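Some notes on the structure that comes next.
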Amino acid sequence: MDRIRIRGGKPLSGNIPIGGAKNATLPLMAAGLLSDGPLTLENAPDLADIATMRALLVQHGMKVEHDKAQRRLVLSGAAENLEAPYDLVRKMRASVLVMGPLVARFGEARVSLPGGCAIGTRPVDLHIKGLEQMGAVFDLEGGYMHAKAPGGLRGATIIFPQVSVGATENLLMAATLAEGTTELVNAAREPEIGDLAMCLMRMGARIEGIGTDRLVVEGVKRLGAATHPIIPDRIEAGTYACAAAITGGTVLLEGARMVDLGAVVRTLRECGVDVAEETEGLRITRKNGLRGADVMTEPFPGFATDMQAQFMALMCVAEGASMITETIFENRFMHVPELTRMGARIKYHGQSAIVRGVPKLSGAPVMATDLRASVSLVLAGLAAQGETIVNRVYHLDRGYESLERKLSAVGAEIERV
Ligand code: UD1
């Protein structure tokens, strides 16, 4: 099995290109089910999760071409098989995003329940309740959610009791083909949702309130072909910003946008890191020592839970104490014991962790159970004395394209072995 070997202590310097956002691409691909297309997605990243979504859509009966050289995905055709099987859904929870489009367009879907996941229970009740409000009838059979709406979905006012990115996306897609008006209240406002809405509009959907927590969708009879550029990956950008900060270098994140990274940029600045917006992207520079800072994860525009582990790695070598509170997912501190093995001083209880900065981490063999936890260990390795081996690299391949190539191009000593 592949592993990543890092020899820490090299400040990074140079440019890192930021790819298209994984978490935008997955719902955009699911949106391909809403029309015969073709739907052309530009700036598509080459990641394991994208390959999983492609396999899912292909088994539904769609044609999905991924031109990796051109960074383009082209989706066309219609679903014939309305079942999303356990094997694919358990590999990637975002597979449930096919449910809304399938029920809206074909009046039926059978989607495996995703089951447990490393960062908590993560139910899908909000997806189901919303579709029920739009007229779908659900049965649970053999671990599958079987949704039926033979006469099509109808518009409804859906008030989310809790902000959910996936449920907002699923219901937004479903609403585009529902009869009448759907109002999504307390909707998630992540940039990936704005990107999905823009693409749906290009396909012919009628949506108001993009970028706010109240989306109003006027259903249409059908959607058509479109070409859509995917937004840059704010989490990839934030991760490499932490890499520059933890090693004390200067890196230009090509294509990264300040608008997507407000809370992360504010926190980096509080820690003593310079962040400047340039025409080609964001420049991250750290000249002096790092200072500790407190963060609490929140829905956008708050500090992203997907940046929590990376930020914790940074705080391990900052001066003073930092309190990190995770409010989105239970059980999202699995990186703590591994960081501790590298010499970090972290205590956690429930949803909060206290990190007391140390002058140096030391390299060690480590492994993690999810994508962002794994990359936090890479960051720690970049700053640590000696050699770090990160095991279970397949987690990294789900969300970071050419991680070791991008980092070694800016001076890191990192390789896949
Ligand atoms: C998406 C992102 C993920 C990110 C997360 C939060 C994708 C593919 N994944 O995941 O990287 O960490 O947003 O920003 O975009 N919840 C329920 N019932 C539901 C749905 C969610 O209780 O039906 C809860 C979850 O357990 C969690 C919270 O709501 O505690 C937020 O989850 P949600 O925003 O739905 O996350 P995902 O869409 O799964």
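Our numbering is plain: 1 for the first residue shown, then up by one each step along the chain.
Note that Cβ sites are derived from N, Cα and C of the backbone, with glycine treated the same way.
What TrEMBL records for this protein:
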type	residues	note
ACT_SITE	CYS117	active site, proton donor
BINDING	ARG93, ARG122, PRO123, VAL124, ASP125, LEU126, ASP306, ILE328	UDP-N-acetyl-alpha-D-glucosamine binding site
DOMAIN	7-407	domain 'Enolpyruvate transferase'
MOD_RES	CYS117	2-(S-cysteinyl)pyruvic acid O-phosphothioketal
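All features noted in TrEMBL, drawn onto the structure.
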residue : record                                        : Cβ contacts under 8 Å, 6 or more apart
ARG122  : UDP-N-acetyl-alpha-D-glucosamine binding site : ARG93, PRO114, PHE329
PRO123  : UDP-N-acetyl-alpha-D-glucosamine binding site : none
VAL124  : UDP-N-acetyl-alpha-D-glucosamine binding site : VAL96, LEU113, PRO114, MET145, GLY166, ALA167
ASP125  : UDP-N-acetyl-alpha-D-glucosamine binding site : none
LEU126  : UDP-N-acetyl-alpha-D-glucosamine binding site : PHE160, PRO161, GLN162, SER164, ALA167
ASP306  : UDP-N-acetyl-alpha-D-glucosamine binding site : ASN23, ILE235, ARG372
ILE328  : UDP-N-acetyl-alpha-D-glucosamine binding site : THR297, GLU298, PRO299, THR305
DSSP-derived structure type at PRO123 (UDP-N-acetyl-alpha-D-glucosamine binding site), helix or strand or else coil: coil
Neighbour count (Cβ, 10 Å) for ARG93 (UDP-N-acetyl-alpha-D-glucosamine binding site): 17
Mapped DSSP class for ILE328 (UDP-N-acetyl-alpha-D-glucosamine binding site), helix or strand or coil: coil
For the domain 'Enolpyruvate transferase' (7-407), mean pLDDT (0 to 100): 96
Among ARG93, ARG122, PRO123, VAL124, ASP125, LEU126, ASP306, ILE328, the record's UDP-N-acetyl-alpha-D-glucosamine binders - longest CA distance, Å: 22
